[in-house]
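Chemist: Dumping the structure here so I can ask a few things about it.
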């Protein structure tokens, strides 16, 4: 990818920050990987092992519960998106090891990176949807009792997947391969044909819909849930606070570098020193974003109960309790203060 201009980011080192500009100077390539690339490879390896196993377990647990619990619908869709994203990691790994050479052909250049992007954005939007559901359970319990059903949950998931698909379309439409000779390699990237306005518009839309809006949803929903929980408990446990901080902070920390570098590069000239520096950090930023795909199962387990209880209980059983427990809407016709507090505490693990 030495001869590529980076523009709007995408997942992989054949990403949307790569545009095909033959006038861009070719960097001198070394057989030694850069330090950011090496760090990215290490992160990808860890995320692959933890993410594939963890999300596969979540899919297995929730698949048996989707017919009777709404929570299982949320977490099944989220785990599927994260699981598919993690399965694509060998593609990114192979590209980095070969100095960003794309060995999979032109059709795969359009399809594979776009599928990666689809699953990643679906994961983000589903996470925001789950947080909104938790908010409604706490603040609109009567409405949830009357209208919160499996059909509505599946519709919400379909909307999240549909919006993720829309965010992915530019990657599919503008992605092409380019053959380079110094050194010999095939590069996969997007070509906006020097249309900077279109490139910047894509970057801004992805930043707003794929990061700022979900982040705002997570922050607002969990802040109000936290305030309600604390205001109605005689003994204010720090457990709820820890879960809220873990969810919001992990999303913000791991996605921020990718989104910031992406929007900056869409507005910078490819020859600028800042652009070239961000280009070298691309692999590391993508790997950080990928951490969010494997961290959710970890949060589920930690939020389930104390460490001693986890040692006495099988992991599948623990996950089943965390992921499929339903609100007290189904158990009671009226929501007392104690039941609302209990539900608010138990539905934080997203």
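Just so you know, glycine gets a Cβ as well, placed from its N, Cα and C.
Pulled the feature table from Swiss-Prot, pasting it below:
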TOPO_DOM  1-37  topological domain 'Extracellular'
MOD_RES   11  sulfotyrosine
MOD_RES   14  sulfotyrosine
TOPO_DOM  65-69  topological domain 'Cytoplasmic'
TOPO_DOM  94-110  topological domain 'Extracellular'
DISULFID  109-188  disulfide bond
TOPO_DOM  133-153  topological domain 'Cytoplasmic'
TOPO_DOM  175-200  topological domain 'Extracellular'
TOPO_DOM  227-242  topological domain 'Cytoplasmic'
TOPO_DOM  266-282  topological domain 'Extracellular'
TOPO_DOM  304-350  topological domain 'Cytoplasmic'
MOD_RES   314  phosphoserine
MOD_RES   317  phosphoserine
MOD_RES   327  phosphoserine
MOD_RES   332  phosphoserine
MOD_RES   334  phosphoserine
MOD_RES   338  phosphoserine
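Quick one: how deep are these features, and who are their neighbours?
Modeler: All protein chains included, residue 109 (disulfide bond) registers 22 other Cβ atoms within 10 Å of its own Cβ.
Residue counts of the topological domain 'Cytoplasmic' (133-153) by helix, strand and coil are 18 helix, 0 strand, 3 coil (DSSP-based).
Mean pLDDT across the topological domain 'Extracellular' (175-200) comes to 82 in this model.
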Chemist: Please spell out the DSSP helix, strand and coil residue counts for the topological domain 'Extracellular' (94-110).
Modeler: 9 helix, 0 strand, 8 coil
